[in-house]
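In TrEMBL this protein carries:
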type	residues	note
TRANSMEM	9-33	transmembrane segment
TRANSMEM	59-79	transmembrane segment
TRANSMEM	91-115	transmembrane segment
TRANSMEM	217-240	transmembrane segment
Amino acid sequence: MAKGDAAKLFLHILNGVIVVLSLALAAAAIWFFCQVKELTTLRNSNHYLLDYNVYWPQAVPWVFLIVSVIVVGVTACGFSGARNGSRTLLLVYIACLSTVAVLLVTVSVLSLVFADNKTTDDFIKDTVWDVYFQSKTDNDVASSFGNIERKLHCCGAESPRDYKNWKSEFPNSCCDVYYRGFLDPYSIECEFTNKLANERYGCSTVAAQYARITIKVLSAGAIFIAFISVIAIAIALTLTRVPARRPKEMVAQYESESKKVLL
């Protein structure tokens, strides 16, 4: 296998890896957006009408999703350039991928600096408290908040004791209400003495921690894609220096053929 063929194959493999990782990053960003949306749709919208601050947990998924789509588009140029051996396409690919790599690192740094901090904690906690108070008067919100408690294995806004002032016992969502196994499901009492419920964290703390972890994972994934992109850029630069193959000239084997070529 010639040097140019090996470089083309390696570039195709790297582009494939970049596409897969970018799609995974986009899927993770969409999942994060859905999780935040599930919580924010339950809050009282009147409390946020005049607030023009940037809510980073809501902005971060969009940023990573847009960057992921751009990366996938750029790799299409790389596939085409490597396949056709077009120096022009490869140069365009190198310029675009270099810009994307810088963009990926920039987005990651911005997310870690502005989103992975107390700003996210405050936003999540404020939202959870708002939803918690809404659940006192709205049964639909209470049911949805209960689903969040089950999913996150949390109880109350700040702690399980939040329910003590206005309920006779913990809601079922704070306890292992149903036993899942070979036996039929059965109810478990969820009184204020329930040890499992009392040992759970408040949903504001749990949700904030999950948001922080997700932001770190998204940032790490973007930086890893940028690292692979740098390797792909180096391979593409190597391909631009490989001379294009020229078709073999026809060699006259007999004197008559040589005369025909001269004529």
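Any Cβ shown, glycine's included, is placed from N, Cα and C.
With Cβ pairs under 8 Å as the measure, the transmembrane segment (217-240) is packed most heavily against 91-115, out of 9-33, 59-79, 91-115. Outside the transmembrane segment (9-33), and at least 6 residues removed from its termini, the chain residues within Cβ reach (under 8 Å) are 1, 57-58, 60-62, 64-65, 67-69, 71-72, 75, 78-79, 82-83, 211, 214, 217-218, 221-222, 224-225, 228-229, 231-232, 235-236, 239.
Within the chain carrying the transmembrane segment (59-79), a Cβ under 8 angstroms from the stretch's Cβ atoms is held by residues 11-12, 15, 18-19, 22-23, 25-26, 28-30, 32-33, 36, 89-90, 92-93, 96-97, 100, 103-104, 107, 110-111, 115, 215, 218, 222, 225, 229, 232, 236, all 6 or more beyond its ends.
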